[in-house]
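Reviewing the structure listed below.
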Amino acid sequence: MAPSRKFFVGGNWKMNGRKQNLGELIGTLNAAKVPADTEVVCAPPTAYIDFARQKLDPKIAVAAQNCYKVTNGAFTGEISPGMIKDCGATWVVLGHSERRHVFGESDELIGQKVAHALAEGLGVIACIGEKLDEREAGITEKVVFEQTKVIADNVKDWSKVVLAYEPVWAIGTGKTATPQQAQEVHEKLRGWLKSNVSEAVAQSTRIIYGGSVTGATCKELASQPDVDGFLVGGASLKPEFVDIINAKQ
């Protein structure tokens, strides 16, 4: 990892937790040592964004797990970036594979959400990644480049974007991409940014890895030159998240 890229660890709590056990988790995180050279962001369920922001130490930022592409309107069940900011959160996760595959979100919709969230001043954790059949068919590159292009077409300022590579076959399955597999894709993604956006953006943009990251797997993954952090699912609800935050130490 280039020294200019601050290590980034996101915890995606997904649809988990209640105030009591999330409060306990927050207590653990508040007591934890967060290295000065590491940025930490937690993404609670929407109903708990306010709760998490009030309870979490200011050293840990808060993200929403999703948002819509417009400011207000007749969109029952949706939330806007403006609402997310009003609750004190500063980031949003967009394009997560569960949004793509469980809820049928298209590349186009995700691109529109990215553009609107950035325009409203949120940081965006933009997720991309291939399914198992796509990896086995040898089209990983094609899939992740196409997804990245739609995101890139909607970004004016890359300083507020973190790219999260999440091989779908490794999410919640216990299968982790090997450090070498992760590095290979991250390196290719950085190459794509260099060729299609700019050398400066390629060097400064953080590309993080997601997919069954645990306290046991994080150190070797973090040692790869193009792995700039993690987006952590299940393990972010456990005390081992503190170990992952300290993966570079």
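Glycine too: its Cβ is placed from the backbone N, Cα and C atoms.
The active site, electrophile annotation in Swiss-Prot covers HIS96 and rests on sequence analysis. Annotation comment: Swiss-Prot describes GLU166 as active site, proton acceptor. Residues or ranges marked as substrate binding site in Swiss-Prot: ASN12, LYS14. Look at Swiss-Prot and you will find LYS142 tagged as SUMO1 cross-link. Per Swiss-Prot, N6-acetyllysine is recorded for LYS14, LYS156, LYS194, LYS238, and the stated evidence type is similarity to another entry. Look at Swiss-Prot and you will find TYR68, TYR209 tagged as 3'-nitrotyrosine, backed by similarity to another entry. The phosphoserine annotation in Swiss-Prot covers SER80, SER198, SER223 (among others), and the record cites similarity to another entry as its basis. Here Swiss-Prot flags LYS149, LYS156, LYS194 as N6-succinyllysine, drawing on similarity to another entry.
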Cα separation, SER198 (phosphoserine) to the residue listed as 'SUMO1 cross-link' (Å, whole number): 20
Protein Cβ atoms within 10 Å of LYS149 (N6-succinyllysine), excluding its own: 16
Distant-in-sequence Cβ neighbours of HIS96 (active site, electrophile), under 8 Å, six or more positions away: ASN12, GLN65, ASN66, CYS127, GLU166
Candidates ASN12, SER80, SER198, SER223: member of the recorded positions with the richest Cβ shell (10 Å): ASN12
Alpha-carbon spacing, LYS238 (N6-acetyllysine) to LYS14 (substrate binding site), which is rounded to whole Å: 13
Neighbouring C-beta atoms (10 Å sphere around the C-beta of the residue listed as 'active site, proton acceptor'): 27
Cβ neighbour count within 10 Å of LYS194 (N6-acetyllysine): 14
Other C-beta atoms that fall within 10 angstroms of the C-beta of TYR209 (3'-nitrotyrosine): 31
Most Cβ neighbours inside 10 Å, all chains, among the recorded positions LYS14, LYS156: LYS14
TYR68 (3'-nitrotyrosine) as reference: those recorded positions from LYS14, SER80, LYS149, LYS194, SER223 with C-alpha within 10 Å of it: SER80
